[in-house]
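S.K.: Look at Swiss-Prot and you will find 3-149 tagged as domain 'UBC core', backed by sequence analysis. Among the features that Swiss-Prot reports, N6-acetyllysine is placed at LYS82. Annotation source Swiss-Prot lists active site, glycyl thioester intermediate at CYS87, citing sequence analysis. The ISG15 cross-link annotation in Swiss-Prot covers LYS92. The phosphoserine annotation in Swiss-Prot covers SER131 and is backed by a large-scale study or a structure entry.
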Amino acid sequence: MAGLPRRIIKETQRLLAEPVPGIKAEPDESNARYFHVVIAGPQDSPFEGGTFKLELFLPEEYPMAAPKVRFMTKIYHPNVDKLGRICLDILKDKWSPALQIRTVLLSIQALLSAPNPDDPLANDVAEQWKSNEAQAIETARAWTRLYAMNNI
C-alpha cells in the first residue's frame, strides 16, 4: 500500500478489521485503489438470497471526488442500468469528502432494500416498478435466482 494516501490505508484497514454485515470489500492485490465487493441481497427484498459482485475504484482525487462503483452481477433494479452503473446521489452531486467507502457500500445495500423508481437509471425497469410493482418484484427475484445465486 506504499504511495497511497493515509486516508485510503485507514479506510481499507477498518473495512477489513470491521466488515459491514452483508458486505465484503477487499482491495485488489495489484491495485489498492480497486476493491472487489460482494453485497448479500438484503433480507425481505427481491434480492434476498443473492450475492452481488461490484467493483469500486477510488480515483486519484479521492476523497475530493466520489468513488466509482458499478454492479458486475446483472440486477433488475430501477436505479441500476444494464452496464451496472448506479443512480445514487452520494456518488454524484451529493458526494462529500466526509463520506467514506463504508458509507457508500451501506447506501448501495439500502438501495437494494428500497428501490427508488422516481429517480431511475433504468427507465424501462422503473416504469414496470411503477405500473406493476408485484410483477417487477417477481422479475427482480427471477433475475436474482438466475444471475446472483451460485455465482461466487
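Using N, Cα and C of the backbone, Cβ positions are placed for all residues, glycine too.
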S.K.: Round to a whole number and give the Cα-to-Cα distance in Å for the pair the residue listed as 'phosphoserine' and the residue listed as 'ISG15 cross-link'.
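M.R.: Checking the Cα atoms of the residue listed as 'phosphoserine' and the residue listed as 'ISG15 cross-link' gives a distance of 28 Å.
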S.K.: Taking every residue in the domain 'UBC core' (3-149), what is their average pLDDT?
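M.R.: The predicted confidence over the domain 'UBC core' (3-149), as a mean pLDDT, is 97.
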S.K.: Taking the Cβ of LYS82 (N6-acetyllysine) as the centre, how many other Cβ atoms fall within a 10 Å radius?
M.R.: 11
S.K.: DSSP-wise, what's the residue breakdown of the domain 'UBC core' (3-149) into helix, strand and coil?
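M.R.: When I sort the residues of the domain 'UBC core' (3-149) into the three classes, I find 52 helix, 26 strand, 69 coil.
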S.K.: What are the non-local neighbours of LYS92 (ISG15 cross-link), defined as same-chain residues 6+ apart in sequence with CB under 8 A from its CB?
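M.R.: For LYS92 (ISG15 cross-link), the qualifying residues are ALA66.
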